[in-house]
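The annotation active site, proton acceptor is assigned in Swiss-Prot to Glu1266. Residues or ranges marked as [2Fe-2S] cluster 1 binding site in Swiss-Prot (evidence: experimental evidence): Cys47, Cys52, Cys55, Cys77. For Gln116, Ala802, Leu1043, Gln1199, the entry in Swiss-Prot reads Mo-molybdopterin binding site. As annotated by Swiss-Prot, [2Fe-2S] cluster 2 binding site applies to Cys117, Cys120, Cys152, Cys154, with the evidence given as experimental evidence. Annotation source Swiss-Prot lists FAD binding site at Leu264, Val265, Ile266, Gly267, Asn268, Thr269, Tyr270, Leu271, Ser354, His358, Asp367, Leu411. As annotated by Swiss-Prot, domain '2Fe-2S ferredoxin-type' applies to 8-95, with the evidence given as sequence analysis. Positions annotated as domain 'FAD-binding PCMH-type' by Swiss-Prot: 236-421. Annotation source Swiss-Prot lists phosphoserine at Ser320.
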Amino acid sequence: MSPSKESDELIFFVNGKKVTERNADPEVNLLFYLRKVIRLTGTKYGCGGGDCGACTVMISRYDPISKRISHFSATACLVPICSLHGAAVTTVEGIGSTKTRIHPVQERIAKGHGTQCGFCTPGMVMSIYTLLRNHPEPSTEQIMETLGGNLCRCTGYRPIVESAKSFCPSSTCCQMNGEGKCCLDEEKNEPERKNSVCTKLYEKKEFQPLDPTQELIFPPELMRMAEESQNTVLTFRGERTTWIAPGTLNDLLELKMKHPSAPLVIGNTYLGLHMKFTDVSYPIIISPARILELFVVTNTKQGLTLGAGLSLTQVKNVLSDVVSRLPKEKTQIYCALLKQLKTLAGQQIRNVASLGGHIISRLPTSDLNPILGIGNCILNVASTEGIQQIPLNDHFLAGVPDAILKPEQVLISVFVPRSSKWEFVSAFRQAPRQQNAFATVNAGMKVVFKEDTNTITDLGILYGGIGATVISADKSCRQLIGRCWDEEMLDDAGKMICEEVSLLMAAPGGMEEYRKTLAISFLFMFYLDVLKQLKTRDPHKYPDISQKLLHILEDFPLTMPYGMQSFQDVDFQQPLQDPIGRPIMHQSGIKHATGEAVFCDDMSVLPGELFLAVVTSSKSHAKIISLDASEALASLGVVDVVTARDVPGDNGREEESLYAQDEVICVGQIVCAVAADSYAHAQQAAKKVKIVYQDIEPMIVTVQDALQYESFIGPERKLEQGNVEEAFQCADQILEGEVHLGGQEHFYMETQSVRVVPKGEDKEMDIYVSSQDAAFTQEMVARTLGIPKNRINCHVKRVGGAFGGKASKPGLLASVAAVAAQKTGRPIRFILERRDDMLITGGRHPLLGKYKIGFMNNGKIKAADIQLYINGGCTPDDSELVIEYALLKLENAYKIPNLRVRGRVCKTNLPSNTAFRGFGFPQGAFVTETCMSAVAAKCRLPPEKVRELNMYRTIDRTIHNQEFDPTNLLQCWEACVENSSYYNRKKAVDEFNQQRFWKKRGIAIIPMKFSVGFPKTFYYQAAALVQIYTDGSVLVAHGGVELGQGINTKMIQVASRELKIPMSYIHLDEMSTVTVPNTVTTGASTGADVNGRAVQNACQILMKRLEPIIKQNPSGTWEEWVKEAFVQSISLSATGYFRGYQADMDWEKGEGDIFPYFVFGAACSEVEIDCLTGAHKNIRTDIVMDGSFSINPAVDIGQIEGAFVQGLGLYTLEELKYSPEGVLYTRGPHQYKIASVTDIPEEFHVSLLTPTPNPKAIYSSKGLGEAGTFLGCSVFFAIAAAVAAAREERGLSPIWAINSPATAEVIRMACEDQFTNLVPQTDSKCCKPWSIPVA
């Protein structure tokens, strides 16, 4: 054989164009290369860890053996460019654009209202596009699997799924209630349209068809390259790492002998994360992706041999094919593997992660290794000394030195045997989320019986997620051999395993009791599964099994969500050109879908631009003894290090410093920043800054700590009505308790982003920032630099999600960057990594609510005394406003005649918490709903009856003495009861629960009264600038910021109506403090209200100027009138202004008319829980919302759905975990789980109530951006109802309050049974726990 040649030339294609790189840097990933090198910015950075899908691209390769081209999606943030030799990459720009033509996927996701902020949209588009390249008519299951690796924080997924579903060969709909016609295609005649309810948000028939022949062809040059000899070693040398990709097995083995410590990389899904988050680098990395022997598939009578290089998707496809061809008794192991592969990671990760990498990494949460370990699988390994076989058993998985690969050995393939007739294998896993989440605990279990008996001859049980490695219950298994498979064996096995499978207190990951309970619960499920199969083989030989028990073996199905959205159609007499009230597509929808929408970090890098990385505190409360940045300053590419000493003006606001100076008050506080010529260099240098601390006591982390040390921010707030103490004495019953609500991360898809560009004279600066409040950012930067605000111009084109998290924080971060820009005299780009964003910026306030309720036996509440404590973190931020709002809105929909509410903000050593969608209402009203449920349980009454009994019924006054009319509240409630068929379904739930022991359903209906607005009058003002050009085109600028909530779309609609011109004439450029100064924050659901009035005012001014010209020439065109106005020297630009509602609260008197109006609503949700694992399935949700006269029903319904799913996450999924020292563990989607596409309700119906006038807002509309968040608690209380049903059946006492979020752990441990009782309770006093609740 001729010696292998060496080449340093990397060749691949991007969107049909050839890319050639010599000595490519192995540490450069595809995402960076696309965005910063070849300037394709449609692919977005969302997390950097492959978990969010924002950077999804399609990769295509040609296989010279099969002569086939494969297409697969991948997350570009984890793909090293060196791995792309011979590949074709397709990005969102490559499939369509507004400059050429848009692709059907792009069109449908945009016109189907599947975009809001648009940051996740390119990734969604590319996931769907790749699926269609492989399956032009996909199944619904394929769509759900495909989208499982993509996250969206705005839409609630329903419109995205619906857009994708339009490509299925047949889509389900209501069929006109059985008439056999599609509701989306039904046209109504004019008389029927008058005052009718519409259910069509877009015209499906307008979609262009999918034509697979029009896609990009695979480059012929790459086909020729693949056909050529593999006798080439590719070598790419970077700054710190050399990448070597051999072409033959001999070359690979020689390299591994020469570099035994060099890691092997194919998918980079493990090593990439390890290198990124630990800053570990390897001198040599070897890529065996071109070694044909690693991709072998051999199927014999003995079993399957699977190449170690096969991706998990390829393994899944192979196993599916084999299982379809063999009898079930031979495929037990294969079926178990398939079950795990369906939910292991997201589709993009499964497409690139290799089987061998999954095995060799030996991660404790590996889903496949426990099955392979009990399946007598064999590892075929090779070295220069020859081939060797290593058993893949518990010793290998535990890392026993004699049982694992030697450094010079390479895993070639894995042999997975077929199962025998009397062999039974099962797999189990429970994760925080159904898809794309590491398992909390998983297991592989196998039993072999003596032929035709139930006598155990072999037993194997392996658990993942219990210890530092996959662990075996080997001792228990050996003791059970020879026993019969019966209940006595099960009881003994549970006790043995509970004793053997130990989990120390404070074990990493926490949840010690829950994890041990899962281990035993899985054993019981295995027992039932095997018993069921034995019974199937011989119905007479084995005892009957109650159907009430067998239901636990049914996994929650992966079903596609569907629903109906209904709203009031516009009057049939309304001109077609008038867009108000119509479901108009998001103004930037197409640009979102094509990747052409420009976000802050998409802007081109200027010559000399520097990148900023911050150094944050590692201590919660400490004195800074010394700071040594000398090593960082000497690092490659570093220009400067910026500290508090460099701040020329104010170093922050109130108690919040830009740069910590003498003391740090939380983990994550910015101490200094490194400016370098690349982000990588800045990051690497930042890690070299040495800071010496001295701890300061006390360290306050939790609300309880704050209460102990009386550590508060601001005064106690209090509201009271009636005579509370007297009413308590008259009550039949009194109930006291407390409830805890965890915090929530904003998780906007675009992390905090800012660019600061010094203009070179008069200290002027342009600031491009992702902010809800450009004027506040301008003010903070000006104060920091000690210059007037007129030298600072803030630009906000669009924001990739905000939810309150980009109101005050961007001002702080922009100021940090501005100091660096002024010091260096160069442009600064400061984009937070997801981990840093979550660490630094805070989120929703965790809450402790204490309540005392006095009520009558019929459920009527006479008195309530409620005390709220929120964890504000280390600085005030907006915390005082949040507690005020929580108190003002706490009563929700209920008239409690004697009510006292008090609230305090606790000052702790956590990062400062801040504004979040709902602003205190989701926390405060949750406490009230907990009280309602507790009263219902105590009185043994239906919860809905207690809620109805206590609701406002007539015009009345709130606890802060503001009058309101509850008519629409009651209508929403009644409509929700009717739309959801509540009482019929409640009966069905009861019947379901009677038939099942281990699965229970619950249903709950929750009303809502949401007060819209800010607490001060000055917030209700806005300005706009409308300019008409001589060609008739119109440019609109206003003070609101496009966050994804559709404000720009609505402003164009307003201008279109007022100017009586088509929307196509109107353009919005950006929000800028030059065009519209002194703006207020875009938030509190008022953005469209106030800015719409300002745009309306400006347009009316212009129309009044044009009025004489129009009267003189009534038959003229818009263009003619505009030109004539110019000829007559009439100004064609106008500033509109709106001064709105008077809103002031007198806390001394406890009263104030502070809210312009109320939004009413109701939601009914049904869930199903698995009592053995704690998993739950959201079956159906019906929402009715009072939106008055919606300006844009598509936008408003999208806001309701997105807010609801965000609330669903708050109350059931999203859990921030802190160490006792105040360190946030959950710093990315890897650990922190927001709702994914499989978490939303199977049926998801949203109805806008029949409109009624609302004179306080433009066109009688209402702001609906926040209200739906709280309605997510309907899922929580449905879960609570299901748990209550389980506890009642077990003879347990009711639980008055379940803490939020109702995670799988909370659900499982509340459903107490014989298995939870086996697990000894941990004593938190004996040692420090791994994590603690902070409220």
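The backbone N, Cα and C atoms fix where each Cβ goes, and this holds for glycine too.
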Intrachain C-beta neighbours of Leu264 (FAD binding site), sequence separation six or more, cut-off 8 angstroms: Lys256, Ile286, Ser287, Pro288, Gly356, Gly357, Ile360, Val410
Residue among binding-site residues Cys47, Cys52, Cys77, Gln116, Cys120 with Cα closest to the Cα of Tyr270 (FAD binding site): Cys77
Most crowded position, judged by CB atoms within 10 A, among Cys77, Cys154 as binding-site residues: Cys154
Mean predicted confidence [pLDDT] for the domain 'FAD-binding PCMH-type' (236-421): 96
Neighbours of Gln116, Ala802, Leu1043, Gln1199 excl. site residues, C-beta within 8 Å of centre, Mo-molybdopterin: Cys117, Cys154, Val799, Gly801, Phe803, Gly1044, Gln1045, Gly1046, Gly1202, Gly1265
Rounded distance in angstrom between the Cα atoms of Gln1199 (Mo-molybdopterin binding site) and Cys117 ([2Fe-2S] cluster 2 binding site): 11
CB within-chain contacts under 8 A for Ser354 (FAD binding site), separation at least 6: Ile266, Gly267, Ala308, Gly309, Leu310, Ser311, Leu312
Alpha-carbon distance [Cys77 ([2Fe-2S] cluster 1 binding site); the residue listed as 'active site, proton acceptor'] in Å: 32
For the [2Fe-2S] cluster 2 site built from Cys117, Cys120, Cys152, Cys154, further residues of that chain with CB within 8 A of the site's CB center: Thr115, Gln116, Gly118, Phe119, Thr121, Arg153, Thr155, Met749, Gly800, Gly801, Gly1044, Gly1202
Pairwise Cα distance for Cys120 ([2Fe-2S] cluster 2 binding site)/Cys55 ([2Fe-2S] cluster 1 binding site) [Å, integer]: 8
DSSP state at Cys120 ([2Fe-2S] cluster 2 binding site), helix/strand/coil: coil
Nearest-integer angstrom distance between the alpha carbons (Cα) of Cys117 ([2Fe-2S] cluster 2 binding site) and Leu1043 (Mo-molybdopterin binding site): 6
Binding-site residues compared (Cys47, Cys55, Ala802) - the one with the fewest other Cβ atoms within 10 Å: Cys47
Nearest of the binding-site residues (Cys77, Cys152, Asn268) to Ala802 (Mo-molybdopterin binding site) - Cα to Cα: Cys152
Cys152 ([2Fe-2S] cluster 2 binding site) versus recorded positions Cys52, Cys55, Asn268, Ser320, Asp367 - nearest by Cα: Cys52
Least surrounded among the recorded positions, given as Gln116, Asn268, Ser320, Gln1199, when other CB atoms within 10 Å are counted: Ser320
[2Fe-2S] cluster 1 site, defined by Cys47, Cys52, Cys55, Cys77: further same-chain residues with Cβ within 8 Å of the Cβ centre: Leu31, Lys44, Tyr45, Gly46, Gly48, Gly49, Gly50, Asp51, Gly53, Ala54, Thr75, Ala76, Gly123, Arg834
Spatial neighbour of Leu1043 (Mo-molybdopterin binding site) that is closest, considering only the recorded positions Cys47, Cys52, Cys77, Cys154, Ser320 and their CA atoms: Cys154
The one of Cys120, Ile266, Leu1043 whose CB sees the fewest other CB atoms within 10 Å, among these binding-site residues: Ile266
